[in-house]
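Enquirer: Pasting in a structure now, in structure tokens, and then I'll have a few things to ask.
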Amino acid sequence: MIQTPVLTVVTVTPDDSLQRDRGCALNDSGYLSTMDAADIVASVLILGIVVVSLLSNVVVLICFLYNPEIRKQVPGLFILNLTFCNLLLSVSNMPLTLVGLITTGHPGGAGFCHIVGFLDTFLTTNSMLSMAALSIDRWVAVVFPLSYHSRIRHRDAVLALGYTWIHSLCFSTVATCRSWVGYHHLYASCTLCNARAKGAGVQFMVFTVALHTLTFLLTLIVMCVTYLKVLKVARFHCKRIDVITMQTLVLLVDIHPSVRQKCLEEQKRRRQRATKKISTFIGTFVVCFTPYVITRIVEIFSPGPISPHWGILSKCLAYSKAASDPFVYSLLRHQYRKTCSVLANKILKRSPLNSSSFRTETKVGRDTNSTANNIQPSPNKAFNQ
């Protein structure tokens, strides 16, 4: 008996007829797969980023609200805006990306995904421009220290933040109104999706290139120019201090050898301090955002498929910037460390006098260092603050 083959016809809606590797996929689109080892590692990584980002940015926000000196400073407004973007990104986009990895599809309906995609474009763009504003502020503080307060005022900072918001709102609103945002399986998140812009291929390409040029590339150029000028000024002042230090050591014939050695060590650390900080500012920005931006550009111009594992990794690196920003720009600074110490003492109901013996011992240990530190004030005081 000859069996007649049966042809099964499956009706697929337009929103669901999307490619798995490079398009938008829904839970009911037929792409059923189990998590492999790479997805599990990515899920654990995103979970860790969410936890670190939430805790560190909340601590920065508490320090800002608690310490009036931080609130009076102009950079505090830029840091507050950056913290706001990182917190909102941590509670909206990151958890949904984690759910998308676990369920291999986007959680919620199309309208909800559009809102999340709007936030993804807006918050990422806003945070990048806030970093550019911080670099300009540090450049003015170091290169023009005497006229800093007349050049950079709170009104100027508010105007700069207004521009960052308008810039970010324009790009995110255009993408949402044109329905260019949706669930992108390559990144397991609701974001700009080229599969939803098939009818406007050239327009979407122009939009994507303009977005990354006026955000990522613009911010990178501003950071490189400003911080390299800051490094140049810092090195110039370090050379002056080194000359004064060596002249003082020559004149102080009876100085103890250990003090002389500490002076030389402090001289070496002084040369490296500004370089390390500037390398951290620029390096974290490049490492976290460059893979994601390059993947975005390659995606719209290259016909070949892109590995989903690479897409998830690039998205995780972009998310990791929200977890590293509190340490890079805030928590490692003296004012924030001091505020955290005061808050910890209050929480633990510990009087500052209880640590007086520790401070006395520390002061005795640093007495030998005072000669080197008091020879000349630090040239990077404005930069460190």
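Every residue, even glycine, has its Cβ placed from backbone N, Cα and C.
Pasting the feature list from TrEMBL:
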{"type": "TRANSMEM", "residues": "40-66", "note": "transmembrane segment"}
{"type": "DOMAIN", "residues": "56-329", "note": "domain 'G-protein coupled receptors family 1 profile'"}
{"type": "TRANSMEM", "residues": "78-102", "note": "transmembrane segment"}
{"type": "TRANSMEM", "residues": "158-181", "note": "transmembrane segment"}
{"type": "TRANSMEM", "residues": "201-230", "note": "transmembrane segment"}
{"type": "TRANSMEM", "residues": "278-298", "note": "transmembrane segment"}
{"type": "REGION", "residues": "358-385", "note": "region 'Disordered'"}
{"type": "COMPBIAS", "residues": "367-385", "note": "compositional bias 'Polar residues'"}
Enquirer: Counting only residues 6 or more past its boundaries, what in the same chain has a CB within less than 8 Å of a CB in the transmembrane segment (40-66)?
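Expert: Apart from its flanks, the transmembrane segment (40-66) reaches 76, 79-80, 83, 86-87, 89-91, 94-95, 97-98, 101-102, 309, 312-313, 316, 319-320, 322-323, 325-327, 330-331, 335-336, 339-340, 342-343.
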Enquirer: Using a Cβ-Cβ cut-off of under 8 Å, list the residues of the same chain that are 6+ residues beyond the ends of the transmembrane segment (158-181) and lie near it.
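Expert: Residues 77-78, 81, 113-114, 117-123, 125-126, 129-130, 133, 190-193, 196-197, 200, 203-204, 207, 211, 214-215 contact the transmembrane segment (158-181) from elsewhere in the chain.
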